[in-house]
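Scroll down for the structure; my scribbles are underneath it.
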């Protein structure tokens, strides 16, 4: 029982699975059909039309069933209630959707109920109507242009087209032509056609392929044609400057043992003249080429002999000049060496059945008989050095082979000479070469076989061998064709001499670099030179050519600048009525799409009363604007049509299409009339600017605004662009309502208090796609003049292109307020000489006669303020100085005055003024050296610098104590120079060295010694003996003071003496024992230091702040060594400001040193710097703030605690001593980090941190919250001592 339950359970589970599967299938079935339906593409007739034969007056209905996705549209549906015999015809239903077309046909035959022969004839005619071919329209959507290539390259010419209707059984035939010669498939030419594409591939270009290529798409109802030229340049030669390859290899007079090969010579514009040609042959089936002639043949024709009868050969030709042998030509088509008279000697004899017996006449002739003489010998072709003879063979039927001998007679020479003594001729045609130019000749022919020689034929008439090359072509005239091509025409040569064609050369005016325009001889006397540079000026020349070579060059044409040829303008279009008052009408229209290369300056209007159908002129004087009021000659209530002509300097163009009929009645509607002249500019992938002009008729109240509407091209669905009206005549339409790559049309409606008025005429369609190579307006400040500018570089230019600058999309015409426009080539600049707030706004520029090159830029108040500040700095520049004017005392006591400036040029000029005495300085460091600095030199020293417009000045006051100190030092240096140069002297003067154990040693060093030099020590002018003898070899002399105490105090002196003189050094050990207080920064704070000259056990040291004794602590660390006493202040605060004193106490006297840490005039940052800056990469970052301090503080910048060095990218500036800035040009991600600005003078300063974050274009702006960081105060450094102490 248990197994049964298990089986039952499994069966139930299986049934439930089937039920679920059924419901899932039912659920998915609609999706299945939807998916199947969406897979159906092109239309398909499920039930096709059926043919019918009915009697007249019968009702008939044709129907069919079509499927497809999207749902197809069916045309030519027919339904007849009462048929007549005239309805007999073939009917077609055409179904189409976006994926194709399908058609079905059916015939309807309508019979008459009453039969008669006449009706039968009519019926017969009706059943068999005249055949009318289906009209198939072919429109080329993509075509090939003029093509340039080199020998050996591959080139493909492609045309794409739409075929309507596209019927599978009526596809057009593609036919390709080169210079009107139909092309066929070959190893050099491959053709493809089908699917709306026709393609021709030239597998390996040769100069034979050069020419005019034409594609004809042929249908039974007509054809569509496109043509363009292909030019093939010479490939790289095997040897530099070797000639190019010959071309157009042809075979003539093929016989059993020889052929004549002819070719066309290459152009030699840049190569040397051709000496001759080598002809090569290759037997079919092999790859071995053999040279046929041992020496170059000088004409373009050669008889190749020694061929094997029945063999086939290829031929090619190579040109030779003084540099070497050039590239070979393309090989010829294969040719067989056969006897062309073989079939004439065949005889056929009929037998009883269907068979013939074929024999040669030779088999019927008796043996042992010599042939007869040839007849009708003539010269079929002659040239400078050769002649081609032909004759009629004698009647000959012998089995023995027959051949011919040619004999020539030079008139006046007296005897006949046999031409072909070594090679017998078997064909009745032969070319005789190597004739003497300018001589008279006669020829005759002798036939022969193994049995004998015939009598000579009758000699030819005497003929003259003339010179062969053509004369030079005549006048060459160049005229405009397009913006990259020129039409050349010339007079043919007076002596053509079997002219083959012409070669055309061109070069830029003023140069002699001639270039070949064609590499295959051109047969006509007009030629279009392609591939020229627009705007460049060229000259042209022509050479004629035949098989003997090239003629002399023609005279050069007049220079011609490459521009498109001027033509008549096309017709204006879209005439619209803007207003009518019952007596006059105001019309507007759009300018012609094609101006013909010249401005359309005049318009003429015709009118036609629709009732009378007669056209009359409206204006005799031309109209200059595209808005005109037609007044007079109009009748109220009548209906009129108008048409407009455009005219340029060439003449009057075609008339526009007649306008829609306009009724002449007064407009009384309260709403405004239509706006007009709707145009577009600044087309981008995501936006377009629409412009228009205000209506002529404003209605019953003033116009308050405008609405712009858009629609996709070809659609009738219009939508508003702006929900609220705009009060100006332009609107920027953004991507919100546009699709990139789609084409749109726009119209505008004006609004007043009474409502929205009539819609304007539609704009031209515009494709929302950025113009390739587009550029935007750049705004900046001229580095030379300081003028603020807007500049634009157009990506397109035409000969008549002009830049139109507008403000708020109104053309700028008033240039009296310091605005100027400078244009050069494709670049235009709008300059602002003295801009102010009135110049704020949106500026735009457009370039006429282009595909819409345009751009705009908005100048904001903040940007203008920055540019004005920069402009002021440029117009009033100050040369920044790294150091002010200072002095240095040189040897001999000379004074060097100098300063250091930043970024001066070699053209800098400067002047020094010293007590009203100026000194012109040479180039180099800005300095002045005074050889004699005396008492009379006291005063103010000034230097003035000028570098271009930049100026700077710096002064140095040397008066009073400062002057006395400088003078004393100068006199000292003067004495030192004399002392050092002339006798023994101290290289290092006496100094005190304090050891680690508080021992004191006096040390000095002497130089320029002799053997008899004597060194001595003195204390208080009494000679003393040192424990350490003087080392005169090294010059180092020491006097140790062991256990230094009060008894060692005194004036110590050292002398060095010989016969040249004496030098003295002394040191006072009786005065102060310490130097002035100094300050140093530590890792935890600041440290006050006092360097000790010496230290004794009796001395005591005390530190005080504001007369209060300082006790040692964690914040006030008192320390030092025998050479220095220190006080370290950890993490100083404002409480630590004040006067600090160190007191050094010995048994007899107290010495003190004082340092002021008040910081009352230290450097400070007043404001202007942010805590955090976020900026997009490639922008310019400017950190600017105001600083103060007395004296003027120094400013330094660091990044991540590393000093920022000035460079082209990092610009550090200090303007007027109070505006500090760091400018980073073109910031990158690496510029992110912590920037610190430090402001400091001798009294101290402070530092501020700024966090800079750089993000990529397109990324979200980082949200960085500023972390407050207090200013770090730097306390220093003004020291004051109550007494002056000088060490000697």
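One is the number of the first residue shown, and numbering goes on along the chain from there.
Just so you know, glycine gets a Cβ as well, placed from its N, Cα and C.
According to TrEMBL, the feature domain 'Ig-like' maps to 129-214, 773-860, 984-1070, 1071-1141, 1147-1253. According to TrEMBL, the feature domain 'Fibronectin type-III' maps to 245-340, 373-468, 472-565, 571-672, 674-773.
Tallying C-beta pairs under 8 angstroms between the domain 'Ig-like' (773-860) and each of 129-214, 245-340, 373-468, 472-565, 1147-1253 places 472-565 first. Counted over residue pairs 6 or more apart, the CB atoms of the domain 'Fibronectin type-III' (245-340) and the domain 'Fibronectin type-III' (472-565) come under 8 Å in at least three pairs, which marks the two as touching.
If you look at the domain 'Fibronectin type-III' (472-565) against the domain 'Ig-like' (129-214), you find at least three C-beta pairs under 8 angstroms, all six or more positions apart, and that counts as contact. Restricting the average to the domain 'Ig-like' (129-214) gives a pLDDT of 88. With DSSP states grouped into helix (H, G, I), strand (E, B) and coil, the domain 'Ig-like' (984-1070) comes out at 3 helix, 49 strand, 35 coil.
Break the domain 'Fibronectin type-III' (674-773) down by DSSP state and the numbers are 3 helix, 46 strand, 51 coil.
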